[in-house]
Amino acid sequence: MSKTSFDYIVVGGGAAGAVLASRLSENSAFSVALIEAGPDFEPGEEPEDILDSYPIVAYFNRSYHWQNIKVHLATPRTGGEEGRRYEQARVMGGGTSINGQFAFRGLPWDYEDWAAVGADGWNWDAVLPYFRKLETDLDYGDQSMHGNSGPLPLRRIPEEQWSPFSKAAAAALRRQGEENIRDHNGVTSDGFFPMTINNVDGKRVTAARAYLTRDVRQRPNLTILGRTEMREVLFEGKRAVGVKVRDASGERDLKAREVILSAGALQSPAILLRAGIGAAHHLRDLGLEVRADRPGVGQNLQDHPMVALAAYLPKPARLPPTMRRHIQMGYRYSSGKPRTSAGDMFILASNRAAWHPLGRRLASILVCVNRPYSTGEVKLTSLDPDASPYIDFKQLSDERDLVRLEDGMHRLWRIINDPAMSGIVENVFPATFSERVRKLGAVSRKNWFMTLMAAGIMGMGPTARKLMIENVITPDLRVAELMNSPNMLRSWIIDNTCGSWHASGTCRIGRAYDRQAVVDSRARVIGVDGLRVVDASIMPSVISGNTMLTTIMAGEKIADDIKAGN
């Protein structure tokens with residue numbers, strides 16, 4: 001590549017970065033470079049696991065992940081406790097290439113809360129036009145709440161096409177007084193619904209497929225650099241003037257009028273900290289010169305904590321072989337707990353626990369805190385960009401999150417034991433996302449044979465299944481005993497809650513006088529020039545739902561700001 005100077009360099013080709021590169025390069029006067037550390041696949045050359053409606057194969061494909069990221073879901077009890085792997089995408093399209101393909105806007109009051117803490121111009125009425133702009137809603141595109149000409153196609157699987165487990169979950173909820181609200185992005189009431197997905201003709205539509213089309217890639221003012229790592233932001237005084245990158249040929253400097261970080265809520269704050277932007281005391285402890293004292297960098301880390309029950313599916317209740325889409329319905333509800341908001345909880349029914357033979361025979365039902373209050377942090381332990389920062393989500397550190405998961409487990413128990421589930425599920429047990437489950441999730445011949453043997457045992461009858469579950473899958477744990485003991489349940493939730501891979505909030509929007517704010521309402525880093533952050537890290541609080549659509553929306557909104565001269 002001969003060109004080394006650009007108007008805009010976008011770091012990270014994920015949900016926001018792909019959007020920014022596409023939209024900014026619409027202006028032929030702008031020269032734009034998009035840098036992605038992972039592989040970039042040309043249109044029509046995307047791997048089958050990325051395109052697959054069943055997303056779990058791509059999700060567990062380690063070639064699409066950062067290998068160095070380790071996290072603590074809760075603050076370690078001992079100083080030497082090692083973090084666990086975290087599947088952060090390292091591929092063009094970012095998380096949209098490996099995630100569950102769920103498209104949620106969140107709720108209007110999420111954005112009103114943003115505005116109330118200083119995210120001026122990010123209230124619901126201000127962001128709704130960008131949600132409409134990004135989508136072509138194949139079901140509701142003719143309605144005022146939706147768009148019908150955006151790059152990202154969205155659809156739903158109607159209830160009559162759901163698999164037996166999803167239909168039974170819906171029937172159980174109806175018996176409990178809930179209704180199908182159909183369009184969860186267009187209405188704000190509680191109820192169950194067909195999940196909105198970014199999937200058309202049985203194929204995932206990533207941010208890269210939607211925004212970096214063949215025509216976009218042919219623009220002479222757009223340079224896309226795959227398998228290229230950003231090593232550091234280059235500065236002249238307090239102005240960002242470019243980035244140092246590394247690819248197979250070595251390191252080099254690229255100059256820019258403006259650098260836009262879209263590296264995600266774990267990487268973007270680490271990049272800022274290494275650039276001397278963060279809490280002054282933390283930077284000085286690392287021997288760094290303080291370029292901008294912003295204590296909020298890396299703070300306010302949020303995710304959606306969740307727990308689950310699982311059950312054996314008799315053969316007639318399993319996902320049909322012709323159906324790849326394993327999650328078809330979700331359920332939004334309000335916990336009603338003190339100091340929580342409406343629509344603060346979410347349940348989904350999964351018809352298939354994993355890709356392998358055992359996973360095909362298991363269903364799971366998950367409850368998730370849609371609006372959490374626990375916050376964690378990202379800090380540096382090394383100045384080496386190859387080293388993982390210290391990441392602690394501090395899940396359940398706010399009692400409200402723990403109490404709502406306790407209540408949520410009882411709701412799952414009522415659903416899965418409802419008469420509507422008779423003949424659909426057997427042998428219910430508490431599910432965990434342990435290291436053993438993670439290892440079995442990797443696609444390999446060895447894992448296929450191991451799980452085939454386990455599936456064979458489970459298929460030998462109720463007694464064999466019971467022995468398998470109680471002695472191998474969840475040893476020394478009986479689900480009925482767990483659900484009847486508040487102390488046991490609380491302890492189990494604390495030990496087994498996992499996140500939803502929706503890391504957010506670590507470079508939040510706010511006003512300059514707010515010491516916890518990192519960027520202003522136009523995503524410009526406070527205290528320096530020529531540098532923005534646009535990804536899930538800028539959310540003042542994580543939205544009530546999966547973060548993909550909101551991150552794409554942010555890319556659309558800031559691209560318009562930049563093109564308008566802001």
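Each Cβ is built from the backbone N, Cα and C atoms, and glycine gets one as well.
TrEMBL lists 6-305 with the feature domain 'Glucose-methanol-choline oxidoreductase N-terminal'.
What TrEMBL lists as FAD binding site is Val91, Trp501, His502. The C-beta environment of His502 (FAD binding site), restricted to residues of the same chain at least 6 apart in sequence and closer than 8 Å, consists of Gln302, Asp303, His304, Ala536, Val542, Asn546, Thr547. In the three-state DSSP classification, His502 (FAD binding site) falls within coil.
Feature annotation from TrEMBL assigns domain 'Glucose-methanol-choline oxidoreductase C-terminal' to 372-555.
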Are there any residues at least 6 positions away along the chain from Trp501 (FAD binding site) with a Cβ closer than 8 Å to its Cβ? List them or say none.
Tyr86, Glu87, Gln88, Gly95, Asn99, Asp303
By the DSSP assignment reduced to helix, strand and coil, which category contains Val91 (FAD binding site)?
coil
For Val91 (FAD binding site), nearby residues of its own chain (Cβ under 8 Å, 6 or more apart in sequence):
Glu36, Gly38, Pro39, Ile50, Tyr64, Ser97, Ile98
